[in-house]
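J.: First the structure, which I've put down as structure tokens, then a few questions once you've had a look.
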């Protein structure tokens, strides 16, 4: 009983920290976008506009949240929860340091892939429940996009699993004490980051909510707290993808050999996640949005064959090295 209560307390604290980190990430993104676009960005609320995300949160919470006419009320309300909850659950198995994971399970990689794949159900459910043609088109795009990118997302990780010999995130980090897997799996790391951006519906892969042709896609009819949950889920998904990339390819909480002992593991982990997240922001600020057919063609005709080739080559090398 005491153990369950302690787990509940730690889980609540982790969720609160994630909410603050996600809010801070929105501020960082807006400041970076302002710098890239040669403007100031948020600079009024708090020092350097840091409290802008707090003001935005209050604004979202105080807005009316009412389903549109003809919408399925139950599905409309449940959809944002279905989209955000798996992302929060995914952080439960992320190892922020040696022994610093809410749940250290042996199949952490599979669990995270499953949680990332579940988010699309919330998007599709919200699109179908909104009773809007723009939302419906956005939901269909999200489903087709996830089918294409989820395939090589999983394949890009199998090379790491082969080298580490484990599906446990902690064991994978321990296997990188001598060399980070990004040096052994550069193609796998690149493919994973591409698929991760697509799974989080971020530019240039935000076709499900493309403002140019779908108003706001599956978010068209959402306001208030429901919109806020979708928004929160998207930014947490970016941080989850960055955390998984750091864990699998960049040594997790392990620092470089010549600097590792001078900083605690969680600090190294946070710094690496921050760098990956900044790269995702840079991608959003600089790359154009492709056409939908180009997006799907890239997934099935370029990325998937490359992921299969990388997996085959890794398998051959692992077998050759293990042969007597």
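The backbone N, Cα and C atoms fix where each Cβ goes, and this holds for glycine too.
Since this is a predicted model, take the numbers as computed values, not measurements.
Dumping what Swiss-Prot says about this protein:
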type: TRANSMEM; residues: 1-21; note: transmembrane segment
type: TRANSMEM; residues: 77-97; note: transmembrane segment
type: TRANSMEM; residues: 109-129; note: transmembrane segment
type: TRANSMEM; residues: 147-167; note: transmembrane segment
type: TRANSMEM; residues: 179-199; note: transmembrane segment
type: TRANSMEM; residues: 214-234; note: transmembrane segment
type: TRANSMEM; residues: 238-258; note: transmembrane segment
type: TRANSMEM; residues: 263-283; note: transmembrane segment
type: TRANSMEM; residues: 298-318; note: transmembrane segment
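Tell me about the surroundings of these features in the structure.
T.: Packing against the transmembrane segment (1-21) from elsewhere in the chain are residues 88, 91-92, 102, 232, 236, 239: each is 6 or more residues past its ends and has a CB under 8 Å from a CB in it.
Proximity of distant same-chain residues to the transmembrane segment (77-97), defined by a Cβ-Cβ separation under 8 Å and at least 6 residues beyond the stretch ends, is recorded for 11, 14-15, 18, 67, 103-105, 108, 111-112, 114-116, 118-119, 121-123, 125-126, 129, 169-170, 173, 222, 225-230, 232-233, 236-237, 240, 243-244, 247, 252-253, 264-266, 269-270.
Residues 116-117, 119, 145-146, 149-150, 152-153, 155-157, 159-160, 163-164, 172, 205, 237, 241-242, 244-245, 248-251, 254, 276, 279-280, 283, 295, 299, 303, 306-307, 310, 314 of the same chain lie 6 or more positions beyond the ends of the transmembrane segment (179-199) yet place their CB under 8 Å from a CB of it.
Counting same-chain residues at least six beyond the ends of the transmembrane segment (238-258), those with a Cβ under 8 angstroms from any Cβ of the stretch are 18, 21-22, 25, 87, 90-91, 94-98, 100, 109, 112, 116, 157, 160, 169, 172-173, 176-177, 180-182, 185, 188-189, 192-193, 196-197, 199-200, 202, 265-266, 268-269, 272-273, 276-277, 280.
Remote same-chain residues near the transmembrane segment (263-283) are listed as 25, 28-29, 32-33, 36, 96-98, 100, 193, 197, 202-204, 238-239, 241-243, 245-246, 250-255 (criterion: CB distance under 8 Å, separation of at least six residues from the stretch ends).
Nonlocal intrachain contacts for the transmembrane segment (298-318), taken as residues 6+ away from its ends with a CB within less than 8 angstroms of a stretch CB, comprise 145, 148-149, 151-152, 155-156, 158-159, 162-163, 185, 187-188, 191, 194-195, 198, 290.
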J.: Residues sitting near the transmembrane segment (109-129): Cβ under 8 Å, six or more positions beyond its termini, same chain?
T.: 67, 71-72, 74-76, 78-84, 86-87, 89-90, 93-94, 135-136, 138-140, 142-143, 146, 150, 153-154, 157, 161, 167-169, 172, 199, 201, 208, 217-219, 222, 230, 233, 237, 240-241, 244, 248
